[in-house]
């Protein structure tokens, strides 16, 4: 395999080995502890990476924590539907069946009443299922998702409406990874890999949170700057 590497790949491999060596040396010289800082714009995936680390290298999520995440899933699902409806309105796409207007009003009314984090009523669940079944929404509008604000997880939760609306719903690991909630303040996770303790810090990516970054740089061994590859062709709004 090494014989087939390009010069650029060889350079990357060499750099990777140097970084690994530096991390080992730092860990051995500082009580085997590595401090990592995650930086990046809002919604670039920092919190998702933290959750993945927790699942893979720590204790994961307790049953209580999983159940507490239901309200986040409910909210993300309703808001995803609302964003799709706003996209329809933006591009003046009409429903295949005019009766869907009543379903759309119920979704928006749920948000206005601040009830989106509660378990779905039978009426709301049925309304969202009918809306998502309409090609005007799941095909025409969804195909334009890069031109208006819609989270990557929208389709996952739309396709999971039967499961999420079940009264005994229990979030899966995939649900937890795909939920989106604004990070405020600083979140830390610690775990051990081959006897080395890693401390990873996630800070809020929104502008109002960035002033909190500076003191996190003290004694940090590495900075991981993240960018969302999925956003490369999204339309940017000021």
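The backbone N, Cα and C atoms fix where each Cβ goes, glycine too.
Quick look at what TrEMBL annotates:
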BINDING   43-48, 152-153, 177-183, 202-206  GTP binding site
BINDING   47, 183  Mg(2+) binding site
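This view paints the features noted in TrEMBL onto the structure.
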residue : record           : DSSP class
46      : GTP binding site : helix
152     : GTP binding site : coil
178     : GTP binding site : helix
202     : GTP binding site : strand
Most Cβ neighbours within 10 Å, among the binding-site residues 178, 181, goes to 178
Determine the minimum-neighbour residue: among 152, 202, listed as binding-site residues, which Cβ has the fewest other Cβ atoms within 10 angstroms?
152
Determine the minimum-neighbour residue: among 46, 47, listed as binding-site residues, which Cβ has the fewest other Cβ atoms within 10 angstroms?
47
Taking only the Cα atoms, work out how far residue 202 (GTP binding site) lies from residue 47 (Mg(2+) binding site), in Å, as a whole number.
7
